Amino acid sequence: MNFVMMFCAMTPQLLIIWLLPNVAFASSHNYGEALSKSFLFYEAQRSGYLPHDQRVQWRGNSGLLDGKASGVDLVGGYYDAGDNVKFGLPMAFTVTMMSWSIIEYGKQMGESGELSNAMDAVKWGTDYLLKAHPEPNVLYGEVGDGTTDHYCWQRPEDMTTSRAAYRIDPSRPGSDLAGETAAAMAAASIVFRNSNPAYAKELLTHAFQLFEFADKYRGKYDSSITVAQKYYRSVSGYADELLWAAAWLYKASNKPYYLNYLGENGDALGGTGWSMTEFGWDVKYAGVQTLAAKFLMQGNAGKHEPVFDKYQEKAENFMCACLGKGNQNIHKSPGGLIFRQRWNNMQFVTSASFLATVYSDYLASARKSLKCSSGTVSPSELLSFAKSQVDYILGDNPRATSYMVGYGNNYPRQVHHRGSSIVSVKKDPSFVSCRGGYATWFSRKASDPNLLAGAIVGGPDAYDNFADQRDNYEQTEPATYNNAPLIGVLARLHGGQSQYSQLLPVAIPQPKPDPEQKVTRAPASSTADITIEQKETASWVHKGKTYYRYSVIVTNNSAKTLKNLKLSISQLYGSLWGLSKYGDSYVFPAWLNSLPAGKSLEFVYVHSASPAVVSISSYTLV
């Protein structure tokens, strides 16, 4: 549980979209193992009826009457940290960041066998958020309260504390809570768009409703749910969440209304004015700026380009601050770790690392560099920064301590976490009383009886010092929002040579063309409007077989914008990066909607044969 908030930044303007080979990483760390353990942590944080395939066996069912007194089913969801309260704002942010991690690096997660676990972790959260939104203008934002919960030290299976449910509605608004929940549902709808389209549609419908609720009935949620003020106070207010939700709704729906909202409200709501050095569950500006800069690079800003230029400038300020090359830099410990505050500092480290990672890939895809006040920075340097933070977390630090529980040999053993610190109900079902838990288990100077594998604890102080003690909650308490951004970075680093900006490796539905638009069908490899050029760029021998890397450049030679392009690719025997599969055709990658006049798109593929046959099936000029 936290008493705070967060902030970080971004860059370019997309003229030509490129996909480049990744940076190879040499490290002693097993990022795949750390990724796998992260998802175990989410299973340990589950509330409600546990599923049959639950892997964390020391946990049992809990919170089975949540919401009943209010006449609503609020069973499920996640406990936020080491306590037994379900706080809606950090839970929704956790879901948003897990979803963003999958959207960017789902391919890498799939290659490591963790994509299904990642999607299960998101769905456990969204299933609860759907329950918490029973009416368009009603959202339950908390179950339990921190005061009574902190008075007791009980495992969740034994809870005797209050399970009161708290909500926002038109008379008690909470734009920050509703906005973040809208963002979570919109982002998650992208994750499930292809594997579970009905569920994705349901999520997006709720996201639309929640955004309208947040925007129409404005107010801070902790003024309505006052019991949250001591624990998750909305210091930044709700303006950032309105922009954050609009950005995710645009990304999920492609509706111009939400892009216009970002363009028309960027100045008034602070998105173009604040240069942040922090990003997290409270302060979303750096995330908004990163997404807005991506939209700009994709050529989607349209008439709002001047406003999106300002979003981009602020995003870049954040990235430069992370690197220590800006006008307002983020403080780092002697060991090189980002440091903002004593209490759960790791939340800022993982969130900043994620933004740096995705932005590095955006820059590399666009063949751009980051321009800081101290000079030009390559995308690889930004990615190296993120890697340095992850390596510090995993043990490359002055104490040689891993701050991920269960990873390495030297990690926290006395975690500030009720469930892990008390013997499992499966091993000893004897009831643990409210105060008895403090006497018997909290004060016990021994390792936790249950391993909270994958949990990222609060971490060291400004001088790299750390005390592994259960009562040292500032340093030894974990939180769900610590891990959520990290899973994306771990997947990216584990993927090594995998492609940039990889979304889920599935077909993305394309928008239907306007009936008034002219659709041209051309089976030839090039037309007067579009040229296709491909060439071999590299070759190597592996286990006696020669592999070739081919680059294909598609150029829009017309004076109009190219949309709804469908390519036919035959005699392809390997992997392809930079396009989405749509039935038997290949179309624009999901993050690109169109190709402006005179611009080019590059995609690459690798196989052990002559060049594949690439031809144009159809396209639209508007």
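All residue numbers here begin at 1 and follow the chain in the order shown.
Cβ atoms here come from the backbone N, Cα and C positions, even for glycine.
The signal peptide annotation in TrEMBL covers 1-26.
Feature annotation from TrEMBL assigns active site to His416 (among others).
Look at TrEMBL and you will find Asp468 (among others) tagged as active site.
Look at TrEMBL and you will find Glu477 (among others) tagged as active site.
If you look up TrEMBL, you'll see 530-610 marked as domain 'Carbohydrate binding'. In the predicted model, residues of the domain 'Carbohydrate binding' (530-610) average a pLDDT of 84.
All protein chains considered, the CB of Glu477 (active site) has 23 other CB atoms within 10 Å. By neighbour count, meaning other C-beta atoms within 10 Å, the densest spot among the active-site residues His416, Asp468 is His416.
When the alpha carbons of Glu477 (active site) and Asp468 (active site) are compared, the span between them is 10 angstrom. Counting residue by residue with DSSP, the domain 'Carbohydrate binding' (530-610) contains 0 helix, 53 strand, 28 coil.
Recorded residues Asp468 (active site) and His416 (active site) have their alpha carbons 9 Å apart, per Cα-Cα distance.
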